[in-house]
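What Swiss-Prot records for 76, 79 is Na(+) binding site, and it gives sequence analysis as the kind of evidence. The transmembrane segment feature in Swiss-Prot is assigned to 1-21, 37-57, 69-89, 99-119.
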């Protein structure tokens, strides 16, 4: 159990640091498009969860520490629904309602498509 907790913790730290770096880099380079960093990590996370889920379906003997460390830890730290929600509210409050609706649509539909694409990549 300690190895499992350590794997999830290490994955969470890595995913969180990558999200922090990505969103800060985007905000520094494109301050008007602050939401793009959250969108990027969420879409990449969706692609990766589909890919990892598909790989682990074909390799069910992969250690539980590896599966949990990557999916629960790393991807849980990388992706974020709360930041997505805050970004959407900020866009709406600044009067950018069409952009907020587009961002929400791209996030949800893009996330579903990215997850499907990741899973599909394991089926060839």
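Keep in mind that glycine also has a Cβ here, set from the backbone N, Cα and C atoms.
Note that the structure is predicted; figures quoted are calculated from it, not measured.
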When you measure from the Cβ of residue 79 (Na(+) binding site), how many other Cβ atoms are you left with inside 10 Å?
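Result for residue 79 (Na(+) binding site): 21 other Cβ atoms within 10 Å.
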Among all protein chains shown, how many Cβ atoms are found within 10 Å of the Cβ of residue 76 (Na(+) binding site), not counting that one?
18
What does DSSP call residue 79 (Na(+) binding site) in the simple three-state scheme?
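Note: residue 79 (Na(+) binding site) is coil by DSSP, not helix or strand.
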